[in-house]
Amino acid sequence: MSSLNDINSEHQENHLTNTDTPTLTNENNEEIMKKKKRKLKIFLLNLWFGFNAWGGPMAQIALIKDTLVIKGKWITIPRFNRVFGVYQIVPGPEATELCMFFGCLSGGRLGGFLAGLGFVLPGFTLILLFSYIYVIVGLNNVYFNASFRALQPIVSAMVLRATHKIAEHALMSHTTHRFSYWLFGMAILAAIQTTVNFNYFITLGVCGIAYMFIERKLYWIGIAVILLELVGYGIYIGINKAIPSPSSLGIGVAKADPGSGPDPGHTFALGLVAGSSSFGGAYVTIPFLQAEAVTIGQWMTVSTFLDSIAIGNIIPSPLVMFSTFLGFQAGYLWGGHNIGYGLLGGLLIAVGMLFPCFLFTILGYNLLEKLVRNKFLAAFFDGISGTVVGIIAVTALDLLKSSVTSNTGLTDVSQQDLPILLAKNSSLAAVLYVLTLAALYGYNKPNLSLWLIIFGAIAGQFLFVN
């Protein structure tokens with residue numbers, strides 16, 4: 001790719017490897033034109049990354065590292081590892097943040113913005129297209145239904161496998177670099193609290209604060225923080241004579257009138273809150289988005305929510321862009337089944353979701369590194385990351401139940417035949433779930449998720465066309 005070679009040579013000539021932000025100099029017209037061309041090349045390079053962003057975050061990060069670090073030699077491998085470590089802690093998709101880091105390195109803050117825009121643009125455009133096709137074809141199409149019915153258990157298995165992968169690094173202490181039984185305990189506590197409808201943000205905040213003290217070996221203070229939370233929960237149950245309702249899991253930022261979706265302002269807010277809490281990647285946003293759209297807002301079914309994740313897995317994009325599908329559905333419903341409002345909703349939730357990522361990265365890596373090196377803040381982020389594992393695990397099991405027992409495609413079936421078909425479809429879904437888990441644990445191949453989605457869509461035509 002010629003533009004890649006050009007920008008590599010220009011990068012090395014200008015010795016920009018040690019600065020994250022542009023410098024002010026006296027520039028003539030020729031220098032200004034060179035900078036404009038450089039920024040265009042940055043955008044095109046990351047657009048190319050975006051079109052080749054198959055296989056999830058690890059494959060995307062490997063592509064960026066191989067192209068810009070190993071071959072391009074923009075920075076050393078040790079420095080890349082330090083940078084990647086920082087972006088693993090702050091909210092947002094790591095691959096997008098790395099693209100923006102290199103964009104800032106080569107073209108200042110505007111270069112960082114253009115790099116991020118180029119990387120997410122292909123996936124954003126494609127998921128809007130799929131969202132449009134989804135509402136146009138509709139769930140009344142038997143073949144459309146059959147493919148997505150097969151994809152639901154496959155996606156549920158992917159979420160469970162992702163939970164295990166996240167746990168492998170989220171339950172490691174950044175100070176000892178060993179498995180932390182304290183973080184594991186907080187994950188268990190978070191799972192229990194989620195099953196009894198404890199608010200996600202209270203759980204994350206309390207465990208993050210508690211771990212700040214525990215990491216400093218102030219164990220009794222950390223334990224006291226958790227006990228105070230549990231006492232407060234007990235008082236709530238005593239007053240109300242019942243555990244909180246499922247609507248207590250979220251904050252109700254995307255509530256809607258029956259038969260409608262949230263208005264554009266609340267759609268943007270949904271993306272902003274989800275993006276701000278996406279410590280550890282896209283899968284971390286799934287419990288919150290499900291709670292807001294399915295449980296509290298009730299403008300989306302669990303089946304449709306699983307479909308959105310499936311679509312997010314078949315396009316070259318950060319998985320977090322599956323939220324664009326949710327925004328499209330929200331706008332489409334709010335606008336009275338108007339495609340224009342659907343496109344607006346998809347744009348707003350994507351902007352909200354990516355805003356924290358763009359903000360943190362463009363502020364500069366050096367500032368982020370200082371924040372992360374703060375021992376209290378680092379311990380707080382570690383506590384949140386460990387706690388998230390328990391929340392995702394419960395969500396993964398909830399999605400398993402919904403995907404196996406779903407009645408997708410059976411709305412027009414007679415009451416006499418419904419129990420038999422439900423039992424048949426549930427059995428087939430359970431088999432697909434087990435086979436997908438076996439494949440995910442047995443093979444570590446690039447683009448495996450994509451091939452599983454393609455296999456599921458085809459298999460659905462043979463298994464679920466009634």
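Cβ atoms here come from the backbone N, Cα and C positions, even for glycine.
Note: TrEMBL annotation is automatic and uncurated.
Feature annotation from TrEMBL assigns region 'Disordered' to 1-29.
What TrEMBL records for 15-25 is compositional bias 'Polar residues'.
Sequence annotations record features per position, and here TrEMBL assigns transmembrane segment to 42-64 (among others).
Look at TrEMBL and you will find 110-135 (among others) tagged as transmembrane segment.
Here the transmembrane segment (182-211) has Cβ contacts under 8 Å with residues 167, 170-173, 222-223, 225-226, 229, 233, 243-246, 248-251, 277, 287-288, 291, 379-391, 393-395 of the same chain, all six or more residues outside its ends. Residues annotated as transmembrane segment in TrEMBL: 182-211 (among others).
Long-range Cβ contacts of the transmembrane segment (218-239) within its own chain (Cβ-Cβ under 8 Å, at least 6 residues beyond either end) map to 189, 193, 198, 202, 206-207, 209-212. What TrEMBL records for 218-239 (among others) is transmembrane segment.
As annotated by TrEMBL, transmembrane segment applies to 268-289 (among others).
Under the heading transmembrane segment, TrEMBL lists 310-333 (among others). A Cβ distance under 8 Å defines the sequence-distant neighbours of the transmembrane segment (310-333), meaning residues of its chain 6+ beyond its ends; these are 50-54, 56-57, 60, 92-93, 95-96, 119-120, 122-124, 126-128, 130-132, 134-135, 148, 151-152, 154-155, 158, 254, 256, 259-262, 264, 267, 270-271, 274-275, 278, 281-283, 285, 289, 293, 299-300, 304, 339, 341-350, 353-354, 449-450, 453-454, 456.
If you look up TrEMBL, you'll see 339-365 (among others) marked as transmembrane segment.
Per TrEMBL, transmembrane segment is recorded for 377-400 (among others).
Under the heading transmembrane segment, TrEMBL lists 420-441 (among others).
Among the features that TrEMBL reports, transmembrane segment is placed at 448-465 (among others).
If one looks beyond the transmembrane segment (448-465) by at least 6 residues along the same chain, the residues whose Cβ comes under 8 Å of a Cβ in the stretch are 54-56, 142-143, 145-151, 154-155, 158, 310, 313-314, 409, 425, 428, 432, 436, 439-440. At the 8 Å Cβ cutoff, the transmembrane segment (110-135) and the transmembrane segment (339-365) share at least 3 close pairs (sequence separation 6 or more) and count as touching. Residues of the same chain lying 6 or more positions beyond the ends of the transmembrane segment (339-365) and with a Cβ under 8 Å from any Cβ of it are 20-21, 83, 86-87, 90-93, 96-97, 100-101, 104, 109, 112-113, 116, 120, 124, 127-128, 131-132, 135, 261, 264, 267-276, 278, 285, 320-321, 323-332. Among residues of the same chain six or more beyond the transmembrane segment (377-400), those with a C-beta under 8 A of the stretch's C-beta atoms are 89, 153, 155-157, 159-160, 162-163, 166-167, 170-171, 173-174, 180, 182-184, 186-192, 194-195, 200, 203-204, 207-212, 214-216, 279-280, 283-284, 286-287, 290, 302, 306, 371, 433.
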